[in-house]
Amino acid sequence: EPSIGETGCPARRLWVEGTLAELACAASGNPPPRVACAKLGDSQDPPPPSPNVTRAHAGTYQCQATNAHGSARRNVTVAVEYSPAAVSLRVLPSANVSRGASFSVECRAEGLPTPTYGWALPLAPNLRFAADNRSVAVAGAAAANRGLYTCTATNRHGQRAGSVMVRVDESWLALLASLGSLGAVTAVGLAAAGGYYLKTTACKKGEYNVRDAEGSSEAACLHRQRHDRGEIFGIQLTQP
């Protein structure tokens, strides 16, 4: 009767995507048995040797050796390794970030072996990378954090990259600047109005330099009175 052992038919196989797909098992027996393998759960035999391996080839196959005296079966598990694919980036909560807010950029990729991750991004002191390097968190977004974030997933079969643009919205600064300018203009206006008020209404009576008052068009009258400290001239100013 036929016999299928580990030597001629290893229970585990490792294929690489893109290589030729071929599953062969050797069996012993007399007369030499015929061996056929089929993927469990599939109604059809696996693809012929010429097509390239795809991820769909991964799974468990059953190989059966048959001759005139009987048959033997053996299960073979096939794993398919492949270079990183379907790299995607996601910005949480949004790629449009308000200044001072926190956000994170996550990177995901398929691949076997599991990919490692690397980043090319705007350098800033407020970056914190996850332990597996799959994500980067930014606390207190500033102008230095805006730009292109690129994640590269790599394994022994290759690498692939993906990018996302992050924008830091600083429009509120312009608003504050406008408000600040408006406040400055208002302050100047108030100061001018106050000066005009003081000039035209307040402090009409007081002690002034006589010589200055004599030459002023606002001096309506001058009078003199004696005081312990000397002579004091009272000046009454008219409206301009």
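Note: Cβ is positioned from N, Cα and C throughout, glycine not excepted.
Quick look at what TrEMBL annotates:
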type	residues	note
DOMAIN	2-79	domain 'Ig-like'
DOMAIN	84-169	domain 'Ig-like'
TRANSMEM	172-198	transmembrane segment
The domain 'Ig-like' (84-169) [mean pLDDT, rounded to integer]: 97
Helix-strand-coil residue split for the domain 'Ig-like' (2-79), DSSP-based: 3 helix, 34 strand, 41 coil
